[in-house]
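**Student:** My questions will all concern the structure given below.
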Amino acid sequence: MNPYVLMILLSSLGLGTTLTFASSHWLLAWMGLEINTLAITPLMAQHHHPRAVEATTKYFLTQATAAAMILFASTTNAWMTGEWNITDLSDPLANTMFMTALALKIGLAPMHFWMPEVLQGLDLLTGLILSTWQKLAPFALIIQTAQNIDPLLLTLLGVTSTLVGGWGGLNQTQLRKILAYSSIAHMGWMIIVIQYAPQLTLIALGTYIVMTSAAFLTLKTSLTTTVNTLATTWSKSPILTATTALVLLSLGGLPPLTGFMPKWLILQELTKQDLPIIATIMALAALISLYFYLRLCYAMTLTISPNTTNSTTPWRTQTTQTSMPLTLFTMATLGLLPMTPTILMLAT
């Protein structure tokens, strides 16, 4: 892609998200979301592969549907209350419609069906943008309006997403689909606690972005997209293989890695709010997710690939890719748990 075109598209992505962050008027927020969608569409279709074009079409249709619902919800709210302000979302119908639209935008279950299919058709860097940056603007709107939305709806979305995210990733062999289901499960953790402690949602979102970035950049460095090719990486770069296994376990939420922090704090908050059953369901759903991360770790570090090739196995292959972002994200993914009190203090 032409570097000037790429610069314009990435700048538009930043502009769309910033516009949604800064807006207090519904139309401006909607405009920011639309700029975001239009900017990422050419990035998704840049390889001109039929699967990439199909993924782009699916993404565009779902995002356009969600944007139309947001516009309809905000217009309904303005009609009923005479207010265009984002925080004055007092009409119950507009509330529910708005939350449904944003759930469709970020891929919460049961509006998640587009997410694995779209992510499967993209290259790893565009998939990284879709899984991280594209979640920021909708989450900014959800956090601003969470207090007006029906708590039962938020709880249902959260619990369903964690269960579907764990269940859906169990028998997948494609790593991008596994990361898509992982994303759905993490979104569920963020939504479940947003009505009680929005700062914990921000912490969970921050750690999710760091961990997912580390996972995608690792896969890009080792050029792997399936579990089978993942099993061959140990001979190419053993150190990267070891850190990848730890990154996956961090995504699963095992202590003493960073991924344990948001899950620990969210379960603590749910028990404080007298919701032990929901906290138990969430913890059990996290165990389902942990199973497929462990399966990846097993395939990566404890098995030798069954592929028989006549060529010599590449040993310690050199890469020309820049490794600084991968190093920083991996370090953050593995070692931020001791910083929990500081992060909590900064968030509150």
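Including glycine, each Cβ sits where the backbone N, Cα and C put it.
As annotated in TrEMBL:
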DOMAIN    23-288  domain 'NADH:quinone oxidoreductase/Mrp antiporter transmembrane'
DOMAIN    290-344  domain 'NADH dehydrogenase subunit 2 C-terminal'
TRANSMEM  60-80  transmembrane segment
TRANSMEM  92-115  transmembrane segment
TRANSMEM  152-171  transmembrane segment
TRANSMEM  178-196  transmembrane segment
TRANSMEM  202-219  transmembrane segment
TRANSMEM  239-257  transmembrane segment
TRANSMEM  277-294  transmembrane segment
TRANSMEM  326-347  transmembrane segment
**Student:** By a Cβ-Cβ criterion of under 8 Å, what residues six or more beyond either terminus of the transmembrane segment (239-257) are in contact with it?
**Tutor:** 182, 211-212, 214-215, 218, 221-222, 233, 263-264, 286, 289-290, 293-294, 296-297, 300-301, 330, 333-335, 337
**Student:** Which listed range (60-80, 152-171, 178-196, 277-294, 326-347) shows the maximal number of Cβ pairs under 8 Å with respect to the transmembrane segment (92-115)?
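**Tutor:** Counting Cβ pairs under 8 Å, the winner is 60-80.
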**Student:** Average the pLDDT scores across the domain 'NADH dehydrogenase subunit 2 C-terminal' (290-344) and report the rounded value.
**Tutor:** 80
